[in-house]
Amino acid sequence: MEDPDIKRCKLSCVATVDDVIEQVMTYITDPKDRDSASLVCRRWFKIDSETREHVTMALCYTATPDRLSRRFPNLRSLKLKGKPRAAMFNLIPENWGGYVTPWVTEISNNLRQLKSVHFRRMIVSDLDLDRLAKARADDLETLKLDKCSGFTTDGLLSIVTHCRKIKTLLMEESSFSEKDGKWLHELAQHNTSLEVLNFYMTEFAKISPKDLETIARNCRSLVSVKVGDFEILELVGFFKAAANLEEFCGGSLNEDIGMPEKYMNLVFPRKLCRLGLSYMGPNEMPILFPFAAQIRKLDLLYALLETEDHCTLIQKCPNLEVLETRNVIGDRGLEVLAQYCKQLKRLRIERGADEQGMEDEEGLVSQRGLIALAQGCQELEYMAVYVSDITNESLESIGTYLKNLCDFRLVLLDREERITDLPLDNGVRSLLIGCKKLRRFAFYLRQGGLTDLGLSYIGQYSPNVRWMLLGYVGESDEGLMEFSRGCPNLQKLEMRGCCFSERAIAAAVTKLPSLRYLWVQGYRASMTGQDLMQMARPYWNIELIPSRRVPEVNQQGEIREMEHPAHILAYYSLAGQRTDCPTTVRVLKEPI
């Protein structure tokens, strides 16, 4: 019989080891590392289950709500994504799916520790918001309705009425029905905890600037506010009251020919260092000069500035870390950025609207600007850019100098008939070899931009990339097969406008060992999709959206029907086939 003292000692050692593992586990935040740790043994699995505080689900159909709550009963933060990313570009049917209702039900019933909820590209009803508000009440600290739809201001009123201690409320780029402005008034009257309020890029028209001023006065911890198109002079009282504000985005500056200096006396909070003013023109730009040296983030996506205006402003922002703008910045603007902003970490350059006068050569981004940027801003970690011209040399420069780059996205516009240097095979190889920290990679070109050899380079030299978007790359199925022999850690693959057959796509999927999600639009589609069944396996859902004609408004305001090519969406799911597919989605279950 075992000695009682020895038995007690063994039990004590086990308990001590468990305590140590539990303490260590709290410092493991990368989901992939967490997953690996949980597979060591049953004890580690249980500790991970009990201590995991945050989960992000890249697609809400990959597991059932009750399975998630059983696996991680003590979650404090949950992020759910619904519609595929392509929905942001109007490529996915509005009724595709992504309903939050089953998740809200589970949160209300079983996830009692949850304090932060983030829904992205999902359909949210007023009933969902009301149930969430009543279930979590003052325990809910963060609610993000990120690019969501389906609710009204009644749902928001329920949230702010029942969740009086909410710290973050976000509705950026969401679409909804506005009945009144009671929700903001209620928030202003009864909340003293708010830190972040964001309804940027929304169409609220019935809310009062006075309520924003009251919020600023009552919530001393308010550090970030992003709003819609308020006339900026209506926010003078808000700016005066928001003593601790660090970030502001939105508003509206409207040039008045009869009053050229009407904004010159506008005073911003002294701690403001992240800023974006909608419709700011060159005449209003000087209001930023007094505190430009302290600006860390600048959003110029909706400013009305030309290339030289960018140059003038950027020179005055030597501590800039984040810049978002449009390609009107031009090569000249990027050269100034490279010269003056050595601490830049994130750069996003979107495509400018055609009506903004892009015919001016100054308003174009090309290899010249990219080379200057790579040499001058070597702290860059994120770079997303639309270019009008490109060379292999510019990509090689990025690989040579930007060693901290984790996320790189490049789109080659189709406005120029001739591109200086195609294909980009050698350039992309040099970039991927040099940027060893890359985790996210998007390369969206045009026909002839990348050969099969270049596509094989992407597979060979992307050992750590987890998400990838490829557009108009490769020449044949063989290129895709060579690509699929690499990318050992690729989890999400999106492709558009490629020449691959269904058979090649299915074969490539089976060779990518870590792949969990696939979206393809614009491939050699068949009538039946039968060849896609070669990638069928347990827990792997395959959905098709057949080609369809969709009404779109062109630049002249005319409504015309556009042809949308067929889509493939395939993903791992422990929940099986979803039950809410609309008629526009066809589920592949077995060979036809």
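Glycine residues also receive a Cβ, built from the backbone N, Cα and C atoms like all the rest.
The following features are taken from Swiss-Prot:
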BINDING   Arg85, Arg348, Tyr386, Arg409, Arg496  jasmonate binding site
DOMAIN    16-57  domain 'F-box'
REPEAT    58-82  repeat 'LRR 1'
REPEAT    83-102  repeat 'LRR 2'
REPEAT    103-120  repeat 'LRR 3'
REPEAT    121-154  repeat 'LRR 4'
REPEAT    183-210  repeat 'LRR 6'
REPEAT    211-236  repeat 'LRR 7'
REPEAT    237-264  repeat 'LRR 8'
REPEAT    309-332  repeat 'LRR 11'
REPEAT    394-426  repeat 'LRR 14'
REPEAT    457-478  repeat 'LRR 16'
REPEAT    479-500  repeat 'LRR 17'
REPEAT    501-524  repeat 'LRR 18'
Open item on the list: Treating G and I as helix alongside H, and B as strand alongside E, what does DSSP give for the repeat 'LRR 11' (309-332) in helix, strand and coil?
Closed with: 13 helix, 5 strand, 6 coil
- [ ] Report the DSSP secondary-structure composition of the repeat 'LRR 8' (237-264) as helix, strand and coil residue counts.
- [x] 5 helix, 5 strand, 18 coil
Open item on the list: Counting by DSSP secondary structure, give me helix, strand and coil numbers for the repeat 'LRR 6' (183-210).
Closed with: 10 helix, 3 strand, 15 coil
- [ ] Find the average pLDDT over the repeat 'LRR 17' (479-500) in the predicted model and report it.
- [x] 95
- [ ] Look up Arg496 (jasmonate binding site) in the DSSP assignment and report helix, strand or coil.
- [x] strand
Task: Sequence-remote partners of the repeat 'LRR 16' (457-478) [C-beta within less than 8 Å, at least six residues beyond its ends] - done: 409, 411, 425, 428-429, 432-433, 436-447, 449-451, 484-501, 503-504, 514
Task: Paired segments the repeat 'LRR 4' (121-154) and the repeat 'LRR 18' (501-524) in contact, 3+ CB pairs under 8 A - done: no
TODO: Residue list, the repeat 'LRR 1' (58-82) vs rest of chain: Cβ under 8 Å, 6 or more residues beyond ends.
DONE: 49-52, 97-100, 102-103, 105-107, 110-111, 113-123, 142, 492, 516-517, 541, 571-575, 578
Open item on the list: Counting across all protein chains present, how many other Cβ atoms fall within 10 Å of the Cβ of Arg348 (jasmonate binding site)?
Closed with: 17
Task: C-beta crowding around Arg85 (jasmonate binding site), within 10 angstroms - done: 18
- [ ] Would you mind pulling the longest C-alpha to C-alpha span across Arg85, Arg348, Tyr386, Arg409, Arg496, which the record has binding jasmonate, in angstrom?
- [x] 21
